[in-house]
Amino acid sequence: MCHLVLSCTLLSWKTCWFHFLLSQCRHTNAIKTSKYNAFTFLPLNLFEQFQRIANAYFLILLLLQVIPAISSLSWFTTVVPLVLVLSVTAAKDATDDIVREVRCEPPNNRLDRFTGTLTNAGQKYSLDNNKILLRGCTLRNTEWCFGLVLFGGPETKLMQNCGKTTFKRTSIDRLMNVLVLCIFGFLAFMCMILAIGNRIWEQRWGSEFTAFLPRQDGVDTPFSSFLTFWSYVIILNTVVPISLYVSVEVIRLGNSFYIDWDRKMYHARSDTPAKARTTTLNEELGQIKYIFSDKTGTLTQNIMIFNKCSINGKSYGEVQMVTRKVDWSFNPLADHQFSFHDHSLVEAVKLENVEVHSFFRTLALCHTVMAEEKTEGELLYQAQSPDEGALVTAARNFGFVFRSRTPESVTIVEMGKERSYELLAILDFNNVRKRMSVIVRSPEGKLCLYCKGADTMVYERLDQSCTKLMDVTTEHLNEYAGEGLRTLALAYKDLDEEYFSRWKLRHHEASTALEDREDKLDLLYEEIEKDLVLLGATAIEDKLQDGVPQTIEQLAKADIKIWVLTGDKQETAENIGYSCNMLREEMNDIFIVSANNPDDVRQELSTMKPGAEEEAIFMPERTLGNKPKVVRDEEVNGEYGLVINGHSLAYALEHSMELLFLRTACLCKTVICCRVTPLQKAQVVELVKKYKQAVTLAIGDGANDVSMIKAAHIGVGISGQEGMQAVLSSDYSFAQFRFLERLLLVHGRWSYLRMCKFLRYFFYKNFTFTFVHFWYAFFCGFSAQTVYDEWFITLYNLVYTALPVLGMSLFDQDVNDMWSFQHPNLYVPGQLNQYFSKTAFFKCALHSVYSSVVLFFIPYAAMYDTVRDDGRDIADYQSFALLAQTCLVITVCIQVQYNTVNDWKHTSSLAMYFVVTFSMYSNGTHITFPASFPFIGTARNSLNQPNVWLTILLTSILCVLPVVAYRFLLIQLRPTINDKVGTLTNHMLRGLHSWIATLLVPTFDC
């Protein structure tokens, strides 16, 4: 099978026609993007799953359980949950693999360049990126074509680019790995203690039981201790819960659906819902400290409107309050949706002002826009960027209409007259050049170069005669930038025919070179793009998106720092900063770093807070181990802003200065980096990730934001005017920047809070369950007998405590979304890891130790030498096991209810426990499976005794009482922000209820 069009190149660049070469396809051209097939799925998936420590651990346990000399538990207590976990994960992996789509192209992964030559009929032709059609591109205004397939299948550029996406893990995941290792160590410690206890017991009292419990041949006291160690590894395995990881994935999946289903994050105008493109990072959304944002298309709409211009030293576009819009009736090809108010510019065009005509002629010729004219006079422009579309549309309305193009010509209509210009060369725009030029020959045979680009780049190449005009134009540019407008400078140059002929030959040689082609072309471009004549400048308006200032203000109140990384010039970036409420007049100071050499950059960065030894800004080494040094958060009086341009940033990111830059930037409330490249965006994000213990988020809408989005802990893509590159590389996507507020302050905070509560509760219930086994070992001769029924052990995590934990983890809300917006500082505890940390984990473990002591010793003491009300003995093993496990289930359900704000939905879990218990301990199940259900009649014989229920009540109260007391004292003495907001909410609700009651209760005036 050979896919036809993955990439192709022009067979002849004098025609736009393509021919697909299909003959002699010896190798398949099919692209395989899936990880599995029907035969390899099971072995490969199991191999991947058992690379997880927990899964491999439980596989080893299963193998130990089939050894009778070691295990006192049946094999199904481990195999049932293990198979369930493996099956759920395998189903998820299979689904992900089925829906996976990756597509690409040739033996290198550079999408922005191609080097090659084509020899045809003795002629050598240059093949570059402009003559390559990548898969997914649309060829417009072409009825049919010839073409040549260059690469296919896995050799395509896009396939080469797909690579392996970096696996992002949350801080909780990283903490969990550390905690699981600690738990393994603690498990080994407990088993060692119990093994030693077995040896001591066997030496002192074991011989007394050999008469009716004879030892197996070859099993002496040391070997018995060795077997006991592994037996307790099996029994106490619940301290490392196998269901933890699958439960975490289910919770993350559920919280991802909430994002997808949120209608308040749906953009009706573009029919774009929010989308969680990953299910593994939800709780990290509740811990963001730094946001790195693009400007154009992210904070702004990326819908460009030609607003003002400067031509030959005169500024046009000022809007007076009473000025009516320009009437475009004089131009039959005008776009009547285009709005402009300055009539003087139209008059200058009609009066055939030479500079004005040259200005708009440049806009009509110097671009890569494609025109589509389905009906006479109805033009539709397809532009690579909204800027180009806006400029070509402006030229169109002012009488210079771009009509069509071929590879050799550009046809425009100048003031009603159609003229065709021979297109001799295109000097491409890129992020380094920041300008583009075209060389054309007019119908009269005149050669001319037209150039547009960033003012700094164009100014460097102007003729000395333009000095005065440049000064005036610079004033206009600064004025436009101060209004937040995007600016470009325009220039031209008349070319000598003889010089151009020589330059063209050298250009052909450079363009067909197979080595250093780009460098050679850059030198030729620099040579011809000099001594330019300045025409003027354009100013395009890119309005802010709805709700951007309010969103940024809310995020700032949540103590989230926002850094804007943009390619715009400094004045434009500053103006947008003020418009977005990132920069404010009441700030103590706004530092501008714009030096062009390292020493000056260092001095400007040191202005804010000089002094302090470099080592003093790091966290203490003892808290870090072998991790990289972490820059501490420093206190600063007042609010500051920092604006740094691309030249200075290049020096600031050097190794010798990066810490100074980071320290200065982190002291500021807002940081704006302007004139930055895509690489610099990613470098800034990496710098913060490297030296700050903080979670980062990058948000952008274009291909130039992809590196930044991938570098951050969380990447968010805006689906806007710049295509889908950013969205496809992101973890979350939506249509408007304002939705970021809801994503973080509502979904992120809820997800983090739910996950932390889940982990605390999960560890509590499993540790408590396991520690009861530990205490029981001291009363059963360290014989590795279980304290619970085997079926209870099997169903404890899967059934009895599953519903409470899922209900809490998917539905719990400490406050609703409205209160989350009204109190954005509720977000701060997540940044500080206050809800789950190593400290919280050890507190949970201590709580479990206390609860396990109560849950074992209170029932033990209550049943010791106790009889039923009919005089029969009740102190048997099965009755004690039932009492202990009943106390455990009730206690953990009360604990989870106390830690949530939901209603008493957990009673269903208790009901399920009693239903299953009475069913399994019934005569019917014992008669059907006598070996599997030995606890016949235990439930009905024990749970009908008042003293049993009194023991359950006493045990539950003693387990919960310290938690309630501690919580009460904490709220009174050291209330958290959640406590304060919760109290305020309760007061307001009580006041509302009282007001409603007064309305409903009639009053009588006697």
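Note that Cβ sites are derived from N, Cα and C of the backbone, with glycine treated the same way.
Here is what TrEMBL says about this protein:
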DOMAIN    28-79  domain 'P-type ATPase N-terminal'
TRANSMEM  54-86  transmembrane segment
TRANSMEM  178-197  transmembrane segment
TRANSMEM  229-248  transmembrane segment
ACT_SITE  ASP294  active site, 4-aspartylphosphate intermediate
BINDING   ASP294, THR296, ASP701, ASP705  Mg(2+) binding site
BINDING   ASP294, LYS295, THR296, GLU388, PHE429, LYS452, ARG486, THR566, GLY567, ASP568, ARG675, LYS681, ASN704, ASP705  ATP binding site
DOMAIN    727-975  domain 'P-type ATPase C-terminal'
TRANSMEM  758-779  transmembrane segment
TRANSMEM  791-811  transmembrane segment
TRANSMEM  840-860  transmembrane segment
TRANSMEM  880-898  transmembrane segment
TRANSMEM  910-929  transmembrane segment
TRANSMEM  949-970  transmembrane segment
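Locations of recorded TrEMBL features on the structure.
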residue : record                                        : Cβ neighbours (10 Å)
ASP294  : active site, 4-aspartylphosphate intermediate : 29
THR296  : Mg(2+) binding site                           : 27
PHE429  : ATP binding site                              : 20
ARG486  : ATP binding site                              : 24
GLY567  : ATP binding site                              : 24
ARG675  : ATP binding site                              : 22
ASP701  : Mg(2+) binding site                           : 31
ASN704  : ATP binding site                              : 21
ASP705  : Mg(2+) binding site                           : 31
Are the transmembrane segment (880-898) and the transmembrane segment (910-929) close enough that 3 or more Cβ pairs fall under 8 Å, when only pairs 6 or more apart in sequence count? yes
So which recorded positions out of ASP294, PHE429, ARG486, GLY567, ARG675 end up within 10 angstroms of ASP705 (Mg(2+) binding site), measuring C-alpha to C-alpha? ASP294
For THR296 (Mg(2+) binding site), which of these binding-site residues sit within 10 Å, Cα to Cα: PHE429, GLY567, ARG675, ASN704? GLY567
Contact between the transmembrane segment (178-197) and the transmembrane segment (880-898) (at least 3 Cβ pairs under 8 Å, separation 6+): no
Distance from ASP701 (Mg(2+) binding site) back to PHE429 (ATP binding site), taken between C-alpha atoms, in Å: 20
Best-contacting stretch, by C-beta pairs under 8 Å, relative to the transmembrane segment (880-898) and drawn from 229-248, 840-860, 949-970: 949-970
Residue numbers, six or more beyond the limits of the transmembrane segment (840-860), whose CB comes under 8 Å of its CB atoms: 179, 756, 760, 763-764, 767-768, 770-772, 774-776, 779, 787, 880, 883-884, 887-888, 891, 951, 954-955, 958-959, 962-963
CA-CA within 10 A of ASP294 (active site, 4-aspartylphosphate intermediate), subset of binding-site residues ARG486, GLY567, ARG675, ASP701 in residue order, equals GLY567, ASP701
When the pLDDT values for the domain 'P-type ATPase C-terminal' (727-975) are averaged, what is the result? 86
Using Cα positions only, nearest of the binding-site residues to ASP701 (Mg(2+) binding site) (ARG486, GLY567, ARG675): GLY567
